[in-house]
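A.B. asks: Dropping the structure in here first, questions after.
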Amino acid sequence: MPTMSTAYEQCAADLGGAGSSDNGGGTIDPVALVKCVSESLEDSNAGMDAFFLIYASSLVFFMQAGFAMLCAGAVRLKNVQNTMLKNFLDACGAALGFYTVGYAFAYGGQSVGGPTTFIGNANFFLIDVENLNFWLFQFAFAATSATIVAGTLAERCQMTAYVCYSLALTGFVYPIIVHAVWSYNGFLSAYAKEPLWGSGVIDFAGSGVVHTTGGITALIATKILGSRKGRFFDERGNKLAKPKPFPGHSIALQVLGSFI
């Protein structure tokens, strides 16, 4: 794999170099030199791009550990195992949902300068997807969006319902928002042929696509499920005079998860 210096030296030699009779007394055409160096480094640049995407994917996916620690520390000791398993399963559900239909709905069939579409319609099950590094990067974001809700659903829902939620969010809900904002053909995309208001939506590091989606989903889930059992009402449904405190069992895990 050539370095910048070796590529420059090789291209300078190939183009004649100083003293060549073919280039007007040894003067190398700078445009031809830049083009030659760029072509020589193309494989190297592709490898660096792939490495960076995989590295960035690992950092984003590491947020799963952070959310797991935060949730584990925020619940009562008897529910730690259940909460940790939910965080593990939402990553599995995200992988399945985003592999089968999620990526296709988000980016399938996109084209630069193409017409605005509501949802993607190609590349289901990653068929004909060449850049799997990009899929890995986007999957990490999808899993993050799903696991944001884990803290809200802790001690509130059954495991089966949680897995179904993970599949639904990463396979259908989240991809529609991704397509609208991040694909080339979304109606909110900054890359669209005619961007909304001339600029489209500029989303910084997924603050809207990932975190707002997860946050709104958590809010809706809380409204539907209500409070944890025994917090405000007794076993017979009678309202308690004072809410029963449910303190988290480990502040250390909460702090660790927050920093991660």
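Each Cβ is built from the backbone N, Cα and C atoms, and glycine gets one as well.
As listed in TrEMBL for this protein:
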- 50-75: transmembrane segment (TRANSMEM)
- 52-260: domain 'Ammonium transporter AmtB-like' (DOMAIN)
- 87-106: transmembrane segment (TRANSMEM)
- 134-154: transmembrane segment (TRANSMEM)
- 161-184: transmembrane segment (TRANSMEM)
- 204-226: transmembrane segment (TRANSMEM)
A.B. asks: Between the stretches 50-75, 87-106, 134-154, 204-226, which one has more Cβ pairs under 8 Å with the transmembrane segment (161-184) than any other?
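C.D. replies: Counting Cβ pairs under 8 Å, the winner is 87-106.
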A.B. asks: If you count every Cβ pair below 8 Å, which range out of 50-75, 87-106, 204-226 shares the most with the transmembrane segment (134-154)?
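C.D. replies: Most Cβ pairs under 8 Å with the transmembrane segment (134-154) come from 50-75.
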A.B. asks: Would you mind listing the long-range same-chain contacts of the transmembrane segment (204-226), meaning Cβ under 8 Å and 6+ residues beyond its ends?
C.D. replies: 141, 144-149, 151-153, 156-157, 165, 169, 173-174, 177-178, 181-182
A.B. asks: Averaged over the whole of the domain 'Ammonium transporter AmtB-like' (52-260), what is the pLDDT?
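C.D. replies: Value for the domain 'Ammonium transporter AmtB-like' (52-260), mean pLDDT as a whole number: 91.
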